[in-house]
Amino acid sequence: MIIKPKVRGFICTNAHPKGCAANVQAQIEYTQAQGKIENGPKNVLVVGASTGYGLASRIVAAFGCGAKTLGLFFEKPGTERKTGTAGFYNVAAFQQAAEKAGLWSKNMNGDAFSHEAKSKAIDVIKAEMGKIDLVVYSLASPRRQDPDSGEVYSSVLKPVGQAYTSKNLNTDTLKITETTLDAASDEEIAQTIKVMGGEDWELWMNALAEADVLAEGCKTVAYTYLGEKITWPIYGKATIGKAKEDLDRAATAIASAHSEKNISANVAVLKAVVTQASSAIPIMPLYLSALFKVMKANGTQEGCIEQLNRLFTECLYSDSPRLDDANRFRVDEKELSPEVQAGVEALWGEITEENLLEISDFKGYQQEFLGLFGFGVDGVDYEEDVDPNVALALVE
């Protein structure tokens, strides 16, 4: 079929297999161009491996370090009449490239929050991998089913304490309006922590430790975004911020529970990028449009793959990692530089519907958003008839 983007609000409901493959290939080539990472991991588990920072982590582990990788994700394959999800096509492209490069790689599609996923992953690790020396936890999910009680928790994106009003860009109509987000209830905060906090990260590490599949000195990392003044009320001082604070708690708990194996657990603070998760957050499309304009102008703009290569070389596998006082790796330092933030704040005050395309980089934002789903990628023929049903071998 000929596949053109179908966008509804902040979601694109289809994906292009060849565009997704080209994106993955570009990230692989960027990583290879950086050269081999010294003292990198050998056996890596990536929980949430199909898009964004999780996918980039897996690419750096495999193509930057030569590691075996086991990737978990929750994606839909294509059929003859319907496209699969972008994440499915990303993993299929990664798998093909890994095989071509002679890298061991296996994939699991399912609910990473379940006990079943954990035991299945452990079986694969025991049978085929050797002990794990890096666990990447990179899940972005709106819901989580408690594996014991069966209760389903849902996350919300709301400020904490008081309502928050800010300008917001409707990415369909290009209208800029004031949007008010009501404050979250205690119950909504608790549910968001259950979904997006550190509990499942702990459960993964406990299950892996109990099965004795973690190497001595294994590292584990989970990702967060903190942001600055503009995004703080909807990120840092909001339900999502409360959940991310719980990641800090979990990191400390993991390191202390498994100290006999010298396990290190850190949260890594990464920069704002366009992902399927961030495009759903009010304020972020407009903030990102301003941020890209400023960072591109001063030559510091980075996407997921640039960020992850730096996380590995400057933090995870560095003798002098960049840590803050909460023991978090920081790779957001370019975004948070006073110069960049001042530039973004100035633009934020000036942006209107009339000058949006002129003074911000909304076009760049849009291009990145469509690119997530494999559209608008250089070198891809979008008039070509393509098969949406792409093969990918999965762990049964």
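Heads up, the Cβ atoms here are built off N, Cα and C, so glycines get one too.
Now, the feature entries from Swiss-Prot:
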type	residues	note
BINDING	48-53, 74-75, 111-112, 139-140, LYS244, 273-275	NAD(+) binding site
SITE	GLU75	site 'Plays an important role in discriminating NADH against NADPH'
BINDING	TYR225	substrate binding site
ACT_SITE	TYR235	active site, proton donor
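Annotated features taken from Swiss-Prot, shown on the structure.
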residue: GLY48; record: NAD(+) binding site; contacts (Cβ under 8 Å, 6+ apart): GLY54, LEU72, PHE73, ALA112, VAL136, TYR137, SER138, LEU139, ALA140
residue: SER50; record: NAD(+) binding site; contacts (Cβ under 8 Å, 6+ apart): GLY71, PHE73, PHE74, GLU75, THR85, ALA86, GLY87, PHE88, ASN90, VAL91
residue: GLY52; record: NAD(+) binding site; contacts (Cβ under 8 Å, 6+ apart): SER138, ALA140, VAL273, THR275, GLN276, ALA277, CYS304
residue: ASP111; record: NAD(+) binding site; contacts (Cβ under 8 Å, 6+ apart): PHE74, ALA117, GLN145
residue: TYR225; record: substrate binding site; contacts (Cβ under 8 Å, 6+ apart): TYR235, LYS244, VAL269, LEU270, LYS271, ALA272, SER278, ASP332
residue: VAL274; record: NAD(+) binding site; contacts (Cβ under 8 Å, 6+ apart): LEU288, TYR365, GLU368, PHE369, LEU372
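Highest local Cβ density among the recorded positions PHE74, TYR235 belongs to TYR235, counted as other Cβ atoms within 10 Å over all protein chains shown. Under DSSP, GLY52 (NAD(+) binding site) is assigned to a helix (H, G or I) in the three-state scheme.
For the recorded site, VAL274 (NAD(+) binding site), the DSSP three-state label reads coil.
In this view, LEU139 (NAD(+) binding site) is surrounded by 22 other Cβ atoms within 10 Å of its Cβ, with every protein chain counted.
The recorded positions examined here are GLU75, LYS244; by Cβ neighbour count within 10 Å, the least packed of them is GLU75.
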